[in-house]
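What follows is one structure encoded as structure tokens, with my remarks underneath.
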Amino acid sequence: MSENHNECISFPASRQGRHKIPVKCRQRNRFIPAFLIGVAVLSVLSLIYLGIDWPKLFSRVPDIGVVFWQLAHLDVSRMDLVLSSLVETISIAVLSLLYSLLLGIGFGMLAARNVFHVPMLSTLTQSFFTFLRAVPTPVWVLLMLVCLGMGPEAGVAGLCVHTTAFFTKSFAQSFESIPDETIEALEATGTGRLSIFFNAVLPASLSQIVAWAGMRLETNFSECAILGMVGAGGIGYVISNSLQGYDYGTAGIAILLVFLVAYSIERVFVRIKKKFY
């Protein structure tokens with residue numbers, strides 16, 4: 001019995017005759033089984049290489065509940081230190097966002113292909129910031145710690161590098177989404193490139209810029225809470241010291257405040273985006 005991958009299904013379309021619709025049978029996709037087998041093999045090899053002590057791991061599982069129970073007993077005796085560190089973390093996140101927004105708009109203008117129409121300039125700008133974006137934020141912060149020393153300055157500088165690279169790519173894509181007809185019409189009137197950008201391209205991309213900024217502010221705040229543990233200042237430093245000193249009550253209140261601030265940032269920017277869209 002021969003198989004036909006291009007069969008026809010007939011059905012009465014009218015009283016006068018019948019029409020046939022060709023239906024192409026899908027061939028079996030061999031990529032998915034190969035991908036799953038590859039993932040399984042890599043997982044087994046990784047477990048063998050890491051040499052995880054499973055009995056020891058499972059024996060420590062009950063300690064997770066104990067630690068979370070201790071974190072739930074919040075201690076407000078050091079609330080002044082926690083609040084000051086939280087304000088420092090918010091300040092680092094906001095400053096890094098503002099500086100990166102300005103730099104991202106400028107470099108995004110250079111990276112967009114429809115602003116200056118210089119392909120080499122766009123390619124070089126995109127390639128350079130692709131490299132910056134490929135290096136994780138903690139690495140940049142550690143490099144800034146070496147250059148600037150311990151403190152919030154290193155956190156702001158390290159976050160600015162990665163956030164600017166992120167904004168450059170995102171804003172360039174937003175600028176390039178502007179219809180070419182709009183830019184060509186303004187060029188026909190003799191309007192300069194910078195005037196077209198600031199009066200047409202940038203205002204048309206404002207809603208997307210706000211959306212990217214809101215998402216990145218939430219990300220920067222979360223990263224600040226982590227980067228403080230490596231000496232960049234902020235509430236992450238308080239959480240790290242509290243956990244190392246088994247002061248779970250102070251760590252618990254700090255973690256709770258981090259969650260509340262992150263959730264508030266998300267809800268505020270959701271409302272802002274609804275007004276723009």
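Backbone N, Cα and C atoms are what each Cβ position is placed from, and that goes for glycine too.
TrEMBL does not curate its annotations; it predicts them automatically.
Pulled from TrEMBL, these are the features on record:
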type	residues	note
DOMAIN	86-269	domain 'ABC transmembrane type-1'
TRANSMEM	31-52	transmembrane segment
TRANSMEM	89-110	transmembrane segment
TRANSMEM	131-151	transmembrane segment
TRANSMEM	196-214	transmembrane segment
TRANSMEM	221-239	transmembrane segment
TRANSMEM	245-265	transmembrane segment
Stretch in 131-151, 196-214, 221-239, 245-265 most in contact with the transmembrane segment (89-110), if contact is a CB pair under 8 A: 221-239
Intrachain residues whose Cβ lies under 8 Å of the transmembrane segment (245-265), provided they are six or more past its termini: 67, 70-79, 81-83, 85-86, 89-90, 214, 217-218, 221-222, 225, 235, 238-239
